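Chemist: The domain 'DUF112' feature in TrEMBL is assigned to B:20-443. Residues or ranges marked as transmembrane segment in TrEMBL: B:12-33, B:75-95, B:107-128, B:134-158, B:170-188, B:200-218, B:263-287, B:326-347, B:359-387, B:393-411, B:418-434, B:474-491 (among others).
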Amino acid sequence: MSITKRTFLTLTCAATLAVTPVVSFAQGWEPRRPIDFVIMAGPGGGADQIARFIQSVAERYDLTSRPLVPNNQGGGSGAEALLSVSGTSDPDHTILVTLNSFFTTPLRQANLGIDVQTFTPIAMMGVDPFVLWVHVDSGITSFDQWLETVRGMNGEYVMGGTGTGQEDSIVIAFLSGAYDLDITYIPYDGGGAVARDLAGQQIMATVNNPAEAKGFYEAGDFVPLLAFSDERLPAFPDIPTVRELGHDFSYANQRAVVGAPGMSEEAAEYYRAVFTQVYESEEWQGYLESESLSPLWMNADEQRAYWTTQVEAHRELLAALGQ
Amino acid sequence: MEILGLLFDGVLIALQPLNLVLILVGVTLGLFIGAMPGLGSVNGVAILLPITFLVPPTGAIIFLAAIYYGAMYGGAISSITLGIPGASTAVATTFDGRPLAMQGRASLALVTAAVASFVGGTVANIIFTGFAPLLAGVALSFGPPEIFALMLLAFATFVGLGTDDIPKTIFSICFGLVLGAIGFDQISGAPRLVLFDINGFLQGIGFLVLAIGVYGIGEMLWTIEQTRGEVENTTPKMTAKGMVADTAEATRKGWKGMGIGSLLGFFVGILPAAGATPAALMAYGVAKMTSRRPQNFGRGEVDGIAAPEAANNSASTGSMLPMLTLGIPGSPTTAILLGGMVIWGLTPGPRLFIEETEFVWGLIGSFYVSNVAALLINLAFIPVFIWMLRMPFTILAPVIFVLSVIGGYAATRDMFDIWMILVFGLGAFVLRRLDYPLAPAVLAIVLGPIAEPTLRQSLLLSQGDPTIFFTRPIAGPITVVAIILILLPALKLLRPRKPGRDGAA
Amino acid sequence: MRNGEIGAAGVLALFSLYLMWKSTELPIGFVEGRGPGGGAWPFWLSAIMLLCCGMIALNWWRRTSPPSQSDEPFLDGHGWRMVALVGGSLIGFIALIDVVSMYGAIAVFLVVYLRFLGRHSWALTLVLALAMPIGFFFFFEGAMRITMPSGMSFTDPVFDILYDIIY
């Protein structure tokens with residue numbers, strides 16, 4: 001980490017940015033402090049991997065004049081991160097990588113006093129779909145066969161997930177409601193642990209993001225049965241979506257970057273320009289494809305509107321869950 | 001032997017000039033990061049991840065693995081010289097490492113730790129090389145009931161850790177377990193024990209907060225008060241000849257601990273969710289139980305340093321196994337390494353061994369080379385760490401306080417934790433005066449958050465039937481052994497006590 | 001020491017009771033078919049803690065534990081003074097972090113401790129009090145990328161210069 005090289009790179013980068021016409025952020029504002037890049041999840045999970053990927057891309061092209069410093073605050077389904085970001089003393093240098101607990105945690109814990117609309121929209125990097133997986137040794141190859149098995153087990157069918165009120169439990173609750181199933185649900189502390197215990201057949205099925213299950217799928221251990229996306233996933237073209245089965249339901253985890261409440265408009269514009277460049281990078285586009293994320297690019301106003309609809313949708317889903 | 005050929009190629013990859021430089025730099029960085037209380041391999045690996053874009057993927061993971069190795073060696077250094085375990089894996093190292101250092105034999109303690117780490121790392125590497133895919137299957141057969149049974153076994157080793165005052169020891173264990181339950185209930189997702197409704201408690205009490213409070217503040221206050229501020233300075237000397245003699249003594253006295261630690265460490269390390277802390281603790285317990293001089297443990301016994309240090313290094317290598325063969329992280333550090341692999345365009349998982357031979361064997365080769373490099377670099381730096389101990393106590397004490405505060409903040413970046421460190425420190429000082437053992441609480445806060453969720457997951461699996469811990473083929477025997485080990489001392493207690501019960505406190 | 005023993009046992013018993021009460025916010029019983037509720041683990045462990053406090057008190061009454069036999073005071077005058085001075089300077093140190101930044105607070109703490117508690121020379125005190133924060137700044141912010149609290153806004157100009165140096 002030689003100082004001269006870094007300074008040189010920063011200068012080159014600044015010069016490039018200054019002459020590039022597409023970059024439209026307000027002249028003048030630049031971060032003066034390392035940027036607190038808060039991650040709403042512990043180290044290692046899907047959200048963490050994505051955050052570190054984004055950070056690496058920003059680092060590789062030296063997109064920011066001060067480094068993005070990843071800061072895992074996974075406690076309490078993201079409550080810890082939401083509290084610390086909304087209470088920050090330096091909103092211009094604090095950004096948050098979110099998942100759907102951005103919507104669910106404030107709903108489930110009203111006493112935190114978090115209003116997501118106070119946050120500053122920056123970039124929607126993509127959405128991560130969910131897929132229903134079983135182990136290959138179960139012999140189940142289709143969703144109908146799965147339904148039959150679950151019904152035959154009289155409540156002893158065991159599924160794992162990341163906790164009541166979490167993204168996957170919402171999907172499982174939907175399945176139980178729509179098909180009148182009785183499933184025993186075991187909470188784990190992360191999507192990776194869930195996939196592991198499916199691989200070891202400690203549990204019988206999971207609802208995981210494709211990224212978490214990919215390794216086992218490619219090795220032939222996992223069988224996908226149903227996708228909870230709007231369209232069939234390009235990586236699993238033979239797997240039906242829940243919409244095709246006649247249900248008006250889809251569910252995906254948002255992978256978005258938001259700014260702290262009270263961030264100045266100049267700073268927000270700066271970060272939007274930075275993350276637009278990350279989004280358009282070859283690396284990120286490749287990541288979206290290899291990990292089966294769907295692109296869902298939005299501008300700031302669209303993001304705010306999206307938050308409103310998501311908060312409402314989650315309010316209903318959680319109410320249905322009895323939360 | 002096909003494996004030996006692959007391994008040879010792997011070592012050659014690791015010995016390429018660029019990779020060798022990466023190993024040397026990584027190990028040295030890791031050593032100092034690990035020696036800093038509050039920082040561990042997680043920090044080193046996380047921070048340097050983006051830098052790895054500058055080199056090819058094989059070089060990148062070799063660099064990160066070297067940091068990982070260096071940090072594992074470094075963890076023992078603050079345990080021995082400062083008395084503060086810099087990571088939960090190094091708590092057991094303080095039990096005998098600190099007393100030995102206080103006796104002026106810090107060099108022997110540090111050399112033992114280094115040699116034991118090397119032995120642990122090497123044994124683990126050899127098992128890893130020979131049986132990786134086979135053992136991955138074993139790791140998967142450990143579900144929640146098996147992990148809980150293993151935690152019971154770890155608790156059994158607690159029995160030997162306390163003082164003669166049984167109620168105070170049990171209090172300490174339960175206190176640590178309850179502290180570990182603060183924050184959120186993983187099973188129901190509801191906030192739990194948010195003491196006095198202060199939001200800071202929502203994130204829970206981390207191991208480091210309690211450990212730095214107890215050892216960095218409480219123990220220091222106690223030493224300052226006890227010695228009236230006039231600590232007799234031990235003046236450990238360090239010569240090349242002395243180091244050779246220390247190495248010989250460490251090997252002679254510690255070979256058994258190293259053996260126990262290496263094997264136990266590896267098998268506990270490969271299990272998901274268990275990790276190096278229970279491994280080190282169990283190795284310490286087993287070494288004490290099988291020793292002919294159990295009464296020397298806790299007073300500077302070489303085996304008591306060798307066992308946990310061999311175990312935590314062995315377990316750290318072991319925890320790479322589920323990551324490489326299954327794509328499952330065994331610890332937060334391997335989780336970040338796993339993220340790195342995705343960034344470099346590799347898919348971790350069962351096919352990695354087949355499809356990315358050069359990468360996998362380059363990495364395994366680098367384990368061997370890193371291990372040798374870490375031993376040599378560690379030994380070379382021991383005089384520097386010894387020199388710290390020779391500072392007058394009125395300088396060393398404020399330096400330790402500063403390290404505690406800045407290291408405590410670095411771990412979570414939360415001022416609330418700093419205040420909690422102070423609260424625990426002052427509380428620990430009072431309890432220390434009154435002969436409460438505090439090490440059990442510090443370990444319980446690590447084991448509790450593994451034991452409770454696995455207990456409840458198991459009962460969910462069995463629809464509430466507790467016989468699940470006895471009827472499963474792997475969990476059953478472990479549970480039975482653990483219960484016997486826990487009950488043995490309790491049975492001894494029921495018999496009339498012999499005179500002289502107020503002996504060592 | 002004797003008074004300290006029973007006093008501590010009393011305070012810890014009260015704390016255990018508080019923990020038990022707090023645990024009851026979640027179900028503490030065995031839920032049929034699902035295992036123990038969310039509050040069961042901390043509740044019953046706190047109950048054991050309370051029981052231990054009772055046994056500590058019993059040992060105190062029977063005078064069987066070493067601290068309950070000891071007639072020396074929990075801390076003598078010298079001990080209290082020492083603890084108050086060191087503890088007080090630690091509290092001051094931590095409180096100052098939010099005002100003059102982590103590095104500023106370290107410098108102040110080292111000056112107070114080395115010069116006034118340790119009675120070292122001004123030369124040594126100042127060298128350490130300056131070298132340590134600066135060294136830590138480059139280690140944590142430069143090498144480890146961990147941002148420490150920068151205190152109130154009046155420290156901004158200093159940090160702006162420092163960050164310009166390292167990035």
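Glycine is treated like the rest: Cβ placed from N, Cα and C.
Automatic prediction, not curation, is the source of TrEMBL annotations.
Walk me through where these features lie, including what they touch and how far apart they are.
Modeler: Same-chain residues lying 6 or more positions outside the transmembrane segment (B:12-33) and placing a CB less than 8 Å from one of its CB atoms are 39-41, 43-44, 48, 55, 58-59, 62-74, 77, 358, 361-362, 365-366, 368-370, 373-374, 377-378, 381.
Through the fold, the transmembrane segment (B:107-128) approaches residues 69, 72-73, 76-77, 80-81, 93, 96-97, 100-101, 135, 236-238, 242-243, 246-247, 249-251, 253-254, 257-259, 261-263, 265-266, 269, 300, 302, 305-307, 309-318, 320-321, 364, 367-368, 371-372, 374-375, 378-379, 382, 385-386 of its own chain, all at least 6 residues removed from its boundaries and within a Cβ separation under 8 Å.
Residues 155, 158, 162, 194-195, 201-205, 210, 436-449, 451-453, 456-457, 460 of the same chain sit 6 or more residues outside the transmembrane segment (B:170-188) yet have a Cβ under 8 Å from a Cβ within it.
Note on the transmembrane segment (B:263-287): residues 88-93, 95, 120, 123-124, 127-128, 135-136, 138-139, 142, 146-147, 150-151, 153-154, 156-158, 160-161, 256-257, 297, 303-304, 306-319, 321-322, 328, 330-331, 443, 446-447, 450, 454 of its chain, located 6 or more positions outside it, place their CB under 8 angstroms from a CB of the stretch.
Residues 40-42, 45-46, 49, 52, 57, 60-61, 64-65, 68, 136, 139-140, 269-273, 275-276, 316, 318-320, 356, 359 of the same chain lie 6 or more positions beyond the ends of the transmembrane segment (B:326-347) yet place their CB under 8 Å from a CB of it.
Cβ atoms under 8 Å from those of the transmembrane segment (B:393-411) belong to residues 36-39, 43, 82, 84, 86, 206, 208-209, 212, 216-217, 220, 223-224, 227, 229-231, 233, 417-418, 421, 425 of the same chain, restricted to positions at least 6 beyond its ends.
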Chemist: Any contact between the transmembrane segment (B:474-491) and the transmembrane segment (B:134-158)? By contact I mean 3+ C-beta pairs closer than 8 Å, pairs at least 6 apart along the chain.
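Modeler: Touching, yes - the transmembrane segment (B:474-491) and the transmembrane segment (B:134-158) meet the threshold of 3 or more Cβ pairs under 8 Å.
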Chemist: Could you pull out which residues elsewhere in the chain have a CB under 8 Å from any CB of the transmembrane segment (B:134-158), counting only those six or more residues past its ends?
Modeler: 127, 173, 268, 270-274, 278, 281-282, 284-286, 288-289, 321-322, 325-326, 350, 440, 443-444, 447, 450-451, 453-455, 457-458, 461-462, 468-469, 472, 474-476, 478-479, 481-483, 485-486
Chemist: Looking only at residues six or more beyond either end of the transmembrane segment (B:75-95), which have a C-beta under 8 A from one in the stretch?
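Modeler: Distant contacts of the transmembrane segment (B:75-95): 31, 34-40, 101, 106, 109-110, 113-114, 117, 161, 207-208, 211-212, 215-216, 219, 275-277, 279-281, 283-284, 297-298, 304-305, 307-309, 312, 315-316, 385-386, 388-389, 400, 403-404, 407, 439, 442-443, 446.
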Chemist: Where else in the chain does the transmembrane segment (B:418-434) make close Cβ contacts, counting only residues six or more beyond its ends and a cut-off under 8 Å?
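Modeler: Here the qualifying positions are 168, 200, 205, 209-210, 212-214, 216-219, 221-222, 225, 404-405, 408-409.
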